[in-house]
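As written in TrEMBL, here are the features:
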- 56-94: region 'Disordered' (REGION)
- 57-72: compositional bias 'Low complexity' (COMPBIAS)
- 180, 184, 269: Cu cation binding site (BINDING)
- 180-184: disulfide bond (DISULFID)
């Protein structure tokens, strides 16, 4: 018994000695053959644990962390790489997570601020418009729109006509073209019917005028044949491309060719009638939403208010 204990002390001192390398882990199980007793096996197991721990501590103290990690091989190297990967992933989550959420929150706050600012500005603008509207009393003049101006065209008889030829008369202007399939005929029929109603109800004379926006096809003869189909008092005007462009710009009229196929095409244009006073100054415009009765009543009202 004393021999066994003495032998075990020698082995333990050799394993724990810092100056001598410890026996490999796989060599320690061979020592169990010394006694075969449970006490010996247990003691050697503890010796193996303390031997490996002491060796790791000794090597870790003499090598830098990177070298110690490189010195561990097999499963130890795999565990080191796994540890590094977990640390890198943890670093990414720590660095990336809060920044992405912070960017999202900043985006929400900025977008919300823009929406709130836009809503406030919109309400403020609406309030200003309401205040300006309420500040204008009925019948009070607020200025004349910059619509109208000088022009020089040819009437349906081929005679030169300018805006001065309409001075002293109330005039109702409509811009269109003779090849228009439906809108222009409907609007001209409404115009001349309203003119007759105005004369019948209020004994007022209004001159209806048709100005083409298709000077390439609407010659003097074409315009003459066209206006005769609607009313004997309807005056048709045409001119060169530049002259039509000038008068359309003066009256803020939009027009453009569409669906062009050779000589057959349509012209997209504004659908508006312009009421001009005897000084050929713009008074009011009437859109497509007016029917014959509302158009006639509206013109009568404007004429009476301007007398």
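From the backbone N, Cα and C atoms, a Cβ is placed for every residue, glycine too.
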Checklist entry - With the Cu cation site defined by 180, 184, 269, which remaining residues of that chain have Cβ atoms positioned within 8 Å of the Cβ centroid? => result 175, 176, 177, 183, 187, 213, 267, 271
Item to check | Site of maximum Cβ density within 10 Å, from binding-site residues 180, 184 | outcome: 184
Checklist entry - Around residue 269 (Cu cation binding site), how many other C-beta atoms are within 10 angstroms of its C-beta? => result 21
